[in-house]
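Worksheet for the structure shown next.
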Amino acid sequence: MSSPKTAAPEQLIIIGNGMVGHHLVEQLVDNGALERYQVTVFGEERHRAYDRVHLSEYFSGRDADSLALCEADYYTVSGVELRTGEAVIEIDRNAQEVVTDQGRYPYDRLVLATGSFPFVPPIPGNDRDGCLVYRTLDDLDAIQAAAENATTGVVVGGGLLGLEAANALRGLNLDTAVVEFASRLMPMQVDNEGGELLREKIEALGVQVLTERATQRIEDGEASRHRMVFQDDKVLETDLIVFSAGIRPRDQLARDCGLEIGERGGVVVDNQCLTNDPAILAIGEVALWNQSIFGLVAPGYQMAKTALSTLTEGDIQFGGADMSTKLKLLGVDVGSIGDAHGTQNPGARMFRYLDPIKQEYRKLVVSSDGKKLLGAMLVGDNGVYDTLLQYYSNGIELPAEPASLILPQSSGAAPTLGPGALPETATICSCHNVTKGDICATIDGGAVDLGGVKGATKASTGCGGCTALLKSVVDHELEARGVEVDKSICEHFAHTRQGLYDIVRVEGIKTFTDLIEKHGNADTHRLGCDICKPAVASILASCFNEPITDAAHIPLQDTNDTFMANMQKNGTYSVVPRVAGGEITPDKLIALGEVANKYSLYSKVTGGQRIDLFGARLEDLPDIWSELIAAGFETGHAYGKSLRTVKSCVGSTWCRYGVQDSVGMAIQLENRYKGLRSPHKIKFGVSGCTRECAEAQSKDIGIIATENGWNLYVCGNGGMRPRHAELFATDLDDEQLYRTIDRFLMFYVRTADRLQRTSVWRENLDGGLEYLKEVILEDSLGINDELERQMQTVVDTYQCEWADAISDPEKLKRFRSFVNDDRPDPSIIMTSERGQLRPA
Amino acid sequence: MTATALKKEMDTMAEQTTKTWQKVCTKADLVEFSGVAAWIETADGPAQVAIFYLPGLRQGKDHELYALDHFDPFSKANVIARGIVGDLKGAAVVASPIYKQHFRLEDGQCLEDESVKLRAWKIEFKGDEVWVEG
Ligand SMILES: Cc1cc2nc3c(=O)[nH]c(=O)nc-3n(C[C@H](O)[C@H](O)[C@H](O)COP(=O)(O)OP(=O)(O)OC[C@H]3O[C@@H](n4cnc5c(N)ncnc54)[C@H](O)[C@@H]3O)c2cc1C
Ligand code: HEM
Ligand code: SF4
Ligand code: SF4
């Protein structure tokens, strides 16, 4: 800060301790501005600043303290004087003082953060007892008190806040009506169609909606306390009235002292939030910037940041704010983006979609060339709001058929934006903390392909978990810049994984050599690489299920598949036998322990409900597995892109809540799908009741028991980008469940990209969940028989790869550290920690 | 003369003076289009070598056999022989099985990091036997 600490502090006064005024105090505290300013805050309300946005939660049990924006001693501890319950009644600009009924206070700089007040239309009788407003905690206390001997309530004003107030009255058990002057509800946010739909939905909740009603007067009622008389002499009786007919800036103090005021109110400020008196600033809902009042908290906070900057000679400017909003009012989704009415952009074109049965309405306002989204309106379902907002706020070019964005998904539309929908700040690679913005910057800086981006940002060179996401972002960004993206899997094949899959199936090709001879690019050595070889190995395994250790397939495999164990960072391997459903007998536990002891293996229980033995030396693997197989174990495929585990909860056998045997089902499923090779790993979870102890909704396939059977969820994921699985089918019996999963998995295996988990696959799937349901549940492609048959083949041809390998001396030859020497690799050194071995 | 240059010179001298060809294994021990590891004793002490066998590779010099250090400088583990063999941008390569960097079989050069190079060992068939110079 510019002034040294020793100078006499300047006096800074803030009028108003609302959301924005408080935010300014926090900014001042956090940025060291208190070294320069001595700050005094006046708040007219008796409470310290609280969260007005969530005011209505006061009725659902939150109290003033829990709504407060800071701890009770925040101001004292920070050294800011807060004078609540003390309103400023005058600003004396000549003396540079503010006046309250308790005294006069000098200021060097003054900030107006007085917010706004609810507008009460000038109707005779509007000041009767029980005529209230909805803005402060005290207002809510008054409403609650009045509601005690009331049975009916009316809200005057059908805007956003009016509907929120109506919901509150309903919550107080009043028969509630909304009276709106305009011809529809929420006239600012929605058009006639949208308003009509909103009316239907709200009436369905038992709230009466009266539009085009101008109240003429309020007088004594007969059956109730008040009677409202409308322009057409119709009447409505009620015990309680809440006015919510818009807000007006609290600019009286500013008017009185001669500051510049807008035509329709509001203290005029510039980009620095300065009024026409440079000693005075205004922020929040009282401030009028570029002819606009911003009635939302986010722009207010931006103004507070600007004010801090202005007060400390910084250069932050306020540049307006986006007023797009997404709300749930009375349980009804309403969304409004940009120029939702299409009235601010001459030549704009509109697309509308109205579903009177599902009660959904969506409207797009598109530039005249059809390329940019200028605004949007949603009623009934905000599902596409986030995607649309991305198009709007980032100026992303619309698809050729903009209407596809608002059509129901079943008509083949593409509702999610995929990588384009991610904001610039989204972290893509968490290992190296690379954001989408960083990736864009390297592309703009000259990177022309995935490799270039990886090299420059290190993205995806850590745990590699972001590989698929990174690729889709890079592809997307390159395409957005007009670069034609080569979809080839690698330099050896001009095909995608899906393309290769189809070729293998249609032509019945059974080896990599065959495939690359017939379909590989001629200008390579046709050796393949570490991208296409494992991908083809997986495809061949999905189609023909020959042992991956057969001579023709061995060179294709990652080391993990070659040695049927996961290589660890020191070159040793882990051993993970299958423990289907997490159920294990004591004898098997003992056997595991004995093997671990004998071969000095570090033992750890995994998150997949089984036991991982680490530190196995290559040459010990066959012996370890012989002993495990003798004890009744089989391979767990922890090394493969294949089914990992089916996690289960305790289930109805033991659990008092269980409605089905989740463990039994998990074992069935694990045994059915074990060994299935797929584009990426697959995890299942089965819970025995809706309490969901198995966390099935974070899995690729999640199953939750119901009274009548099983609910199936698909495409969930944990990890870096968690995704809840989506409900796919309900109340299936066992047989139906297997059939549905058979089809689903085979369709995934057939169409997904390499290393694409079901979640990412689903997000990139044109047509989304609806399309998936049509294919799997309604057989819209007519392929279900084939998918089932194919799965049955995989199930029927299952064999434990380890049992196969240990019975074949040729295969065992690979399991030695050196072809010419029996010694183990001497550079593997272990030390001990917590009673077990670990890499030194 | 800088320290590194001096070291290089000494290395070359060591190479010139002490290398001998030795039999490592037979063709039957190799895995086609993949790698195996071998233990050899050299004048500088023991070494682990990764041997790759690409029968009928169509390339100018018509190599079928390659040998590189088994030691992966990135993971500091002896694992190179267990990587996937392939070709990238015209050169036969092996990908480290741990962090997936590619090394050219011909000379051990790492494609992702110019400053990293594995030793390439001379290797050839003598009849059915595999011989390495080390
Ligand atoms: C029910 C409700 C729901 C809302 N929901 C949302 C929402 O979902 N999203 C959203 O973005 N916004 C919402 N808002 C709007 C949001 O609350 C306001 O934009 C925000 O509170 C404005 O902050 P402010 O500090 O400018 O004004 P306020 O929070 O109103 O604070 C102004 C304060 O100044 C005090 N004051 C006024 N004059 C004087 C004086 N002379 N002397 C001393 N003190 C004075 C007032 O008493 C008041 O406490 C909602 C508002 C309400 C009422
Ligand atoms: C995205 C990058 C990821 C990578 C690279 C990765 C890697 C691995 C590896 C190598 C193993 C095997 C350990 C061994 O036996 O050697 C493993 C096991 C496991 N991982 Fe991950 N993992 C990733 C993400 C996740 C996520 C997101 C979850 C959970 C939400 C998860 C849960 C598990 C579980 C439960 C196991 C043990 C599985 C078993 O019992 O076989 N992993 N992971
Ligand atoms: S096991 Fe742990 S350290 Fe390893 S990849 Fe998974 S989360 Fe990361
Ligand atoms: S999900 Fe239900 S049945 Fe399973 S353990 Fe939890 S409460 Fe019991």
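Glycine is treated like the rest: Cβ placed from N, Cα and C.
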> In TrEMBL, A:CYS649, A:CYS689, A:CYS693 are given as binding [4Fe-4S] cluster, so which of A:CYS655, A:CYS715 is in that site too?
Replying inline: A:CYS655
> Which ones in the same chain are close to A:CYS689 ([4Fe-4S] cluster binding site), with CB under 8 Å and 6+ residues apart in sequence?
Replying inline: A:SER652, A:CYS655, A:TYR657, A:GLY658, A:VAL659, A:GLN660, A:ILE704, A:ALA705
> Taking the mean position of the Cβ atoms of A:CYS649, A:CYS655, A:CYS689, A:CYS693 as the [4Fe-4S] cluster site, which residues outside that list, in the same chain, have a Cβ no more than 8 Å away, listed in sequence order?
Replying inline: A:VAL650, A:GLY651, A:TYR657, A:GLY658, A:SER662, A:SER687, A:GLY688, A:ARG691, A:GLU692, A:ALA694
> A:CYS649, A:CYS655, A:CYS693: which of these binding-site residues has the highest Cβ count within 10 Å of its own Cβ?
Replying inline: A:CYS649
>> I'd like the per-state residue tally for the domain 'Nitrite/Sulfite reductase ferredoxin-like' (A:568-630) from DSSP, helix first, then strand, then coil.
In response: 29 helix, 14 strand, 20 coil
>> Per DSSP, what is the helix/strand/coil residue tally across the domain 'Nitrite/sulphite reductase 4Fe-4S' (A:640-776)?
In response: 49 helix, 35 strand, 53 coil
> Residue counts in helix (H, G, I), strand (E, B) and coil for the domain 'NADH-rubredoxin oxidoreductase C-terminal' (A:324-386), per DSSP?
Replying inline: 2 helix, 33 strand, 28 coil
